[in-house]
Amino acid sequence: MVGYACIPNVYRLFYDATVELCMIPLPNCSRVFQALNGDLYFSNVLKEDSRNDYICYARFPHTQTIQQKQPITLLVLNHGSVEERKPTFLIPSGSSSSKMVLRGQVLELECITEGLPTPEVSWSKLSGEFPDKRTSIVTFQKILRIVNVSDADAGEYRCTAHNHLASIHHTIRVTVKAAPYWITTPRNLVLAPREKGQLICRASGTPKPTINWAMNGIPIENSPEDSNRKVEGDTIIFDEVQTGSSAVYQCNASNEYGYLLSNAFVNVLSETPRVLTPANQVYQVIRNNHALLDCSSFGSPIPKITWFKDSQSSTLEGDPYLLHENGTLEIYVAQALNSGKYICVARNTLGIAENHVYLEVKEPTRILKQPKYKVAQRNMNVVFECKVKHDPTLIPIMIWLKDNGELPDDERFLVDSDSLTITDVTENDAGTYTCIMNTTLDHDSASAELTVVEQPDPPTDLELTDMKPRSVQLTWIPGDEHKSPIHKFVIQYTDSLHDHGHWHNLTHVPGSKTTAHLELSPYVHYSFRVLALNAVGLSDPSNPSHMYKTNPAAPDENPSGVKGFGTEHNNLMILWKPLSGLQANGPGLQYKVMWRQKDVDKNWTSVTVANVSKFMVSGTPTFTPYEVKVQAINNNGIGPDPAVITGHSGENFPVQAPDSVRVLVLNSTLAEVHWEPVPPKTVRGHLKGYKVYYWRERSLHKHNPHRVEQQLLSFSGNKSHGMLPGLQPYSTYLFNVRVYNGKGDGPASSNLQFETPEGVPGPPSFLRITNSNLNNLTLEWGPPNDRNGHLTGYILKYQQETSININNSNELGPIEELALPANKTSVTLPNLKYSTRYKFYFHAKTGQGAGPVITEEAVTIMDEGKCESTLLNVTGRKQTLTVVKDVHPAAPAFGNVSSSVGEDGMLISWEYWGTEKHVYVEYIIKNDNKDWQKEYVNGSQAYVLKGLKEGLSYRVRVVAKGHDDQAVLHQSEELLVTVPAMPSRQADIATQGWFIGLMCAIALLILVLLIICFIKRNKGGKYPVKEKEDAHTDPEFQPMKEDDCTFGEYSDTEDHKPLKGSRTPSNGTVHRDSSDESLVDYGGGDGQFNEDGSFIGQYSGKSSIRETAEAHSPVNTTIVNSFV
């Protein structure tokens, strides 16, 4: 063992490696080791350890200097063989030692040994285990290092060194001391006068620290006495502090390894509470998260914090609330019901303060539809959907990332509100796309991967190997798969000899293979190519391989699809499918056609043909079996023995009709026909079956028409009977039977006749209500169109419904039944209930039973001579009839449909006598195939269609529908209306309201002026009166007033015409001749009008004339009054 000292506390060992004085660090190993103090130890030396340039360098980091020791020479002497030695300790010496370390520092224990061979070192702790994560054994197990030492690391550690000669131990007792460290530091106090408090200064260490107090920098024992203050070791207790007791207190904790110092300020003051948290602050949280509502306060004494919600009087305590010491209110799991106003109240003995804050619980942001993994082909479009649900009061921001980075700055990337679209995808677009929805409170994200695939590249380097006459080996190199594995390779060939330029599939191999063994045909000039197939599609073809020619040979196969049949009764056509050029195997392809009559000829008749696929044999007997075969031949030989097939010469029509034809009638609609099959020789062809021709000759009922409709039923195979279904009851039928083959029908058997028995009749042809009164109605019907026998009568059943309100479900009463004779076509039902709905069931019957039922409904309603009935026809559709006295009930429900053009639109009017309230006006543009447009009519019989286009023609109709607004019950005739093209209303001044009003005002003004002028011209004059007046007016007659617009004067012209404004006298008399009327017969008297135009003249000696006129002109008072 050799050791060299290197004392400085920072050091490195080097040795000079070259003559250029390049210093190389000395490598450590288990044999050569640098101790913690810098000394270099050799557990044993070797010859190569001899050097004269061992140098110790010491580096001092604080002074940034390096010092070098003089080179040291090590000379290893060779004394021959060296004996092995047991291990011994160099550091530390002896069997035990001790080590002290401070808490929190690094503990390093080392064991350096010598011996031969080099001893191995191991460590153990006698009093426990090494602390995890803080322990390391380094430098070839020679140093045990524990960082951040704690009190638990104290104890005995054992170092063991051993080689194959012996094992030794060294025990190191480790003691952990500690400089002071804080357990509780004193905290500032704010106390109100006469309040209690305390300062705690608690520290630990090894040995235990000493606690010393100072006030305002002066040891507390030297400070002024204060009866309210008491020092008890590490605690100062304040009892009923007084104003002015504020001070700064220092705590010093020290032992021999260090000290700690901390200050605390004791402030004695009186302060009412103040809430420091801003008022009306709004807190927003996401549902199911925790919420923290601040209530920072100040006051002396320290205020007590309580919380309230909205208008509640109880404090918020317990689940789900937690009140922290600093006044913060925490809600563990916020829900929507926690939203609202919260009141924070700070209270001490001096006062109270409060603050309001608001909590808003928002819905979380969630991605409802995440983007999905996409596999897209190049140049396709890809859409990633990202549909998000978020709180509507939060503003969302959608962000898309590609591979956790920004999207490429490319116009092909289209970001929508809930999707990302990538157009014309390229390979560079592959990656992971992430959708992030951010709000001010939370976010959610989802990712999906895009894989861009395309068809593979074509294979390359095609090579032919192992070439044989009928096979070859083809190899190739696959192209790029483009992220979609190749499923298979398709090998194609072209034959430049027979089919140049056309490629055909030869075979395919799995995508994992790159070779194929190809079976070849003779006499082909092959070129091969390969295509790769993946999930996208086929690649482009590879370049063709070199041509490979195979030698010709005799055919390997004969034509397929050989058939023999006749086209006429005396020939045999032989057909086959010719061989392809690839199947010919050589030049000079021909076909040897051979045939012979089966079971008759022993030798084959043959002919050799080329370039054809059929051969006709003439002069054969009718429908005779022949054996046929076709053989391929070329210049290199003949093909294999061909297979023999059997065919027949041509067919002819059968020559015999079936015998023993008979019929068995099973019921009124079904009969069974029997016959004896014909002999096979008479068929003269392939037996296809038998045909039965039958037709209805006539009906057995005189009322049914005569009809002849031939029908046919075929029965395949060699049958001897068949069924004839669907026959008409009560009818006479004729039929015959024929055999048929591939050529056609044979002769018919003799016509036989059979009759079908009676059946049930068909439904009556109609049922209607013809008269409806208060308590009876009449039903009429027609007999069935198909009586199917002798009618024996009719059955009428009816029942009343408890309600006629068709919107409600009706309850049916008991059924009344009435049997009617066959010769009757109407019946009147008396004693019916007024205003009641009846339902009728009616059917005919024969001796075989009753036929199908038809149903009708009727409602007896009486309204001013009218009654309405609702009928239900055979199909169940309701119809409404209006029955008027002496009017047929089936009259149309609509009438007098007309149209007129108004300013508001097209006015459609009509008359309607139905009871349905669901009435619509439907219209459609003429020659338009779209659906009818409809407008609902609310009980009126006129409607204005608005919005029709000018200049177009419309088809208009009025319909009444059922309660479901689906079935049309009544419909008027269609009306064709044309909307005129209206001129511009601005250009026609005559239609303007203001112009019409102006003209009326002017006309009225002119009329007033004329009246005034006329009055003034006649005012105050004397007028002669006709002497020949036939009658005098009543002296009590009062002249008309001016406001009556009539005047009693006469003109003095010759015609003496009366005034146009004269009236019939009020006494009810009229004169003989209106042209000779006069106001008064004056004689020689005078007459005048006063200022207001009234007559003031007097009568003289004409009363008798007046009385005579009255006697001869009596007039009915009622008639006169009708004109007044």
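All residue numbers here begin at 1 and follow the chain in the order shown.
Using N, Cα and C of the backbone, Cβ positions are placed for all residues, glycine too.
Residues or ranges marked as domain 'Ig-like' in TrEMBL: 87-175, 180-267, 273-360, 364-451. Marked as domain 'Fibronectin type-III' by TrEMBL: 458-553, 555-652, 657-759, 763-864, 888-982. Annotation comment: TrEMBL describes 994-1015 as transmembrane segment. Taken from TrEMBL, the feature compositional bias 'Basic and acidic residues' applies to 1024-1044. According to TrEMBL, the region 'Disordered' annotation covers 1024-1083.
The listed stretches are 273-360, 364-451, 458-553, 763-864, 888-982; of these, 273-360 has the most Cβ pairs under 8 Å to the domain 'Ig-like' (180-267). With helix defined as DSSP H, G or I and strand as E or B, the domain 'Ig-like' (364-451) counts 3 helix, 47 strand, 38 coil. Helix, strand and coil counts under DSSP for the domain 'Fibronectin type-III' (763-864) come to 0 helix, 57 strand, 45 coil. Across the domain 'Ig-like' (273-360), DSSP assigns 3 helix, 47 strand, 38 coil.
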